[in-house]
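The structure under discussion appears below in the form of structure tokens.
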Amino acid sequence: MSRYVGAIDQGTTSSRFIVFDREGSVIALAQAEHAQIYPAPGHVEHDATEIWTKTQSVMREALEKGGLQPSDLAAVGITNQRETTLIWDRKTGKPLHNALVWQDTRNDRLVAEFARDGGRDRFRDLTGLPLASYFSGLKLRWLLDHVAGARAKAEAGDVLFGNIDTWLVWNLTGGTEGGLHVTDVTNASRTQLMSLKTLEWDEGMLRTFGIPKAMLPKIVSSSEVYGETRAPFAGVPIAGILGDQQAALFGQTCFAPGEAKNTYGTGCFALMNTGEEPVPSKAGLVTTLAYRLDGQKPAYALEGSIAITGALVQWLRDNLHMIKDSAEVETLATTVEDNGGVYFVPAFSGLYAPHWNEGARGLIIGLTRYVNRGHIARSVLEATAFQTHEVLDAMAKDSGIPVKELRADGGMVANNTLMQFQADMLDVPVVRPKVAETTALGAAYAAGLAVGYWKGLDDLKRNWGVDKRWTPKMDAGRRETIAAAWSRAVQRSFDWKTDED
């Protein structure tokens, strides 16, 4: 058998290819960033052709770094930024428009239009999701309404829809020459077009949103052999697909109900495995697919999605020039003992879970002449922990299962100040695993299981280990006081943007 498994990790800011061995250790890695396109306030786009080019580049580079050939790979898995929405011409393979990124809010009027009859939760029982600009279905509707000729071509089957997983699989398996048009259940569950119960496209949702079924990919499991790569990586089975946050849950081996992880990246995404039945949320979370292995029952999850966390540190660096690199925010934050009474609500594109307020906008509140740059930096880090606290509290209310330990991954887990404050706010331990690349590892695990590289979930659990554990140190009175202050700040951010803006 081939010695390794590869994973394409296509994220919001970069594309990576990582090669893992049987113990889940990284053998080779390559990464390439792609452009972030901001054509107007609230608009965020990616060039899908650039993403495909960069994906091929990092695959070549990683194999070269490892001295490997495609034949050394038993399988390749794919994990991707979810919700980012693309349409392309089946015959030419060219996108009809830049991809609308998950953060893009240009469809907010469509959201409001559909919410007028039945409110934002009118489709929640069916799809698990509230009406929000975040999800793919109304991004796709916007493209069909605004790209000349797109709807007619889509109805004829000449225009295809996909999230980034679908785009990559289609190109990897031949593109215009017989490329496979598929998506897995985790990505499909983020479109608001799939029934959580049947795991199929829902005809009623398609009619309501005005989406031609002919343009949609086939829904498949998260772990099976879908097809093989074509040149220049010919013959490698593509055998795993997971949306990035579900991939992190899988890579963190959260296979039992009540086990939870939080990924600290551009945004924050907390998921809790809830088992074989979907748990409806009454506390502002979304109900989603955790994963589905080939031939097995699906596992469901509760998710709290937070739009801006690591991106707030980038904003501090790129827009305010308060720091030179992202790591410097911790140094600056530790120059002060606390936040000085300052709270930063990073509602740059509204607020996601648990508030779902499209009109919220960012604010810094509590400023006095006492406040300095250190307090601002600390408030930036604390905003991530406060938002995560809100989401984990909602998970406990919905599931009836309090989180006993939070498994953390993503770039921000290197920040000890943030992780300690997170443990303090949650009042439970926060754990960083030995293998940091949990998202890519989850995709590799899904692919490896499908081809027998790993025999079962127990093999994966044995690979997981603790790198560092943070335990709570804050007293309950202090925790309650600052949590209440944060809640007041959040309330003041609501509904700043109006239809006239």
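Using the three backbone atoms N, Cα and C, a Cβ is placed for every residue, glycine included.
Over in Swiss-Prot, the protein carries these features:
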BINDING   Thr12, Thr13, Ser14, Thr266, Gly310, Gln314, Gly411  ATP binding site
BINDING   Thr12, Arg82, Glu83, Tyr134, Asp244  sn-glycerol 3-phosphate binding site
BINDING   Thr12, Arg16, Thr266, Gly310, Gly411, Asn415  ADP binding site
BINDING   Arg82, Glu83, Tyr134, Asp244, Gln245  glycerol binding site
Packing count at Gln245 (glycerol binding site) (other Cβ atoms within 10 Å of its Cβ): 29
Rounded Cα-Cα span from Gln314 (ATP binding site) to Asn415 (ADP binding site), Å: 14
Arg16 (ADP binding site) in three-state DSSP notation: strand
Packing count at Ser14 (ATP binding site) (other Cβ atoms within 10 Å of its Cβ): 14
Binding residues Arg82, Glu83, Tyr134, Asp244, Gln245 (glycerol) - maximum C-alpha distance in whole Å: 15
Between Thr12 (ATP binding site) and Glu83 (sn-glycerol 3-phosphate binding site): CA-CA distance (Å): 11
Residues flanking the sn-glycerol 3-phosphate site, with Cβ no more than 8 Å from the Cβ centroid of Thr12, Arg82, Glu83, Tyr134, Asp244 and excluding those residues themselves: Gln81, Thr84, Val101, Trp102, Arg190, Gly243, Gln245, Ser305
Neighbours of Arg82, Glu83, Tyr134, Asp244, Gln245 excl. site residues, C-beta within 8 Å of centre, glycerol: Gln81, Thr84, Trp102, Arg190, Gly243, Phe269, Ser305
Asp244 (sn-glycerol 3-phosphate binding site) and Gln314 (ATP binding site), distance between Cα atoms, whole Å: 20
